[in-house]
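Have a look at the structure below, then the notes.
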Amino acid sequence: METHSELWSLEAIKEVYNTPIFELIHRANAILRSNFPHSELQTCYLVSIKTGGCTEDCAYCAQSSRYQTHVKPEPMMKITEVLDRAKQAIRAGATRVCLGAAWREVKDNHQFDRTLEMIKGITDMGAEVCCTLGMLTPSQAEKLFEAGLYAYNHNLDSSEGFYKTIITTRKYEDRLRTLDIVEKSGLHVCCGGIIGMGETVEDRVELLHNLARRERMPESVPVNVLWPIKGTPLYDQASISFWEILRTIATARIVFPQSMVRLAAGRAFLSVEQQTLCFIAGANSIFYGEKLLTVDNNDMDADTAMLNLLGMRHRPSFSMERGQPCQSVTC
């Protein structure tokens, strides 16, 4: 039997991406329905526990200290503040809480200790917790696991070739090494990328191929659409079409049949009808709440109304145990 990496060559993924749109959506929807309960949507709430002041030069990011944007460095949030926001989000229907910090890497200090306490507190509320904190060591990953962390987010962003044009302060190999550490710790991997940065279709295909070559499939694959922010190098980047977004979502669903495919940043650009097409084509996770780190997101009440309109229900927390790898299947 072919392994997942053998099955999904660059050529095979590109062929899927370029499939006629009706056939592509039909295939992706069939795979979604065969692997997940019908009409179930994961709702994630994102909290920026440390905003701004990042030393990296990611061309898309408002939190870089190298650019003059609307974002100013803020002190790290207090534990009680984060727990209060998490509690409100869970009451509103969120089943995963994601904690983000504008760090290049995790440091063994009081801020990391505070993050561990946040994880413990939110886990005790019955929600999954995901963190995106930058690069980390094996011992730090172990501490996160012991604190109850469910998943760790570390995106590849794009293909290795295109990556070099948007980030110079961190190598692609550094990101792959971080994913290795997360996988070995027993934590679930949340890893995807950003589209609409000026990359080609080949770059998007290579991003998915790099993920498909991993020993374990990611638990979540977030698909972010660039939100151009004034002051960043990509502010004047032309928008991509909705059909490119839809093709990326559907291709990700086909390549990663048992992973959550998250319609992440940029969703606020899409109408309810466009979002519905993305759900039909394989997206089964969204960020729930008015803010995604530094950019706007859909209003929570509007999202609740959309879910009710579509007859969708919230995916329960801990539908997959920690340490349980996502098994690839041939589709």
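The count begins at 1 with the first shown residue.
Just so you know, glycine gets a Cβ as well, placed from its N, Cα and C.
Since we're looking at a predicted model, the values are computed, not measured.
Following the DSSP three-state reduction, the secondary structure of Cys58 ([4Fe-4S] cluster binding site) is coil. Summarising the annotation, Swiss-Prot assigns [4Fe-4S] cluster binding site to Cys54, Cys58, Cys61.
All protein chains considered, the CB of Cys130 ([2Fe-2S] cluster binding site) has 23 other CB atoms within 10 Å. In the three-state DSSP scheme, Cys130 ([2Fe-2S] cluster binding site) is classed as strand. Sequence annotations record features per position, and here Swiss-Prot assigns [2Fe-2S] cluster binding site to Cys98, Cys130, Cys190, Arg262.
Positions annotated as domain 'Radical SAM core' by Swiss-Prot: 39-264.
The Cβ of Cys190 ([2Fe-2S] cluster binding site) has Cys130, Thr132, Ala151, Tyr152, Asn153, His154, Pro218, Glu219, Ser220, Val221, Pro222 as same-chain neighbours under 8 Å, each 6 or more residues away in sequence. When other Cβ atoms within 10 Å of the Cβ of Arg262 ([2Fe-2S] cluster binding site) are tallied across all protein chains shown, the result is 25.
On the 0 to 100 pLDDT scale, the domain 'Radical SAM core' (39-264) averages 95 in this prediction. Summary: among the binding-site residues (Cys58, Cys98), the fewest other C-beta atoms within 10 A of the C-beta are counted at Cys58. In sequence order, Cys61, Gln63, Ser64, Ser65, Ala102, Trp103, Arg104 are the residues of the chain that are 6 or more apart from Cys54 ([4Fe-4S] cluster binding site) and have a CB within less than 8 Å of its CB. Close to the recorded [2Fe-2S] cluster site, the chain also has Cys44, Leu46, Arg96, Thr132, Ala151, Asn153, Ser220, Pro222, Ser285: residues not among Cys98, Cys130, Cys190, Arg262 whose Cβ is within 8 Å of the site's Cβ mean position.
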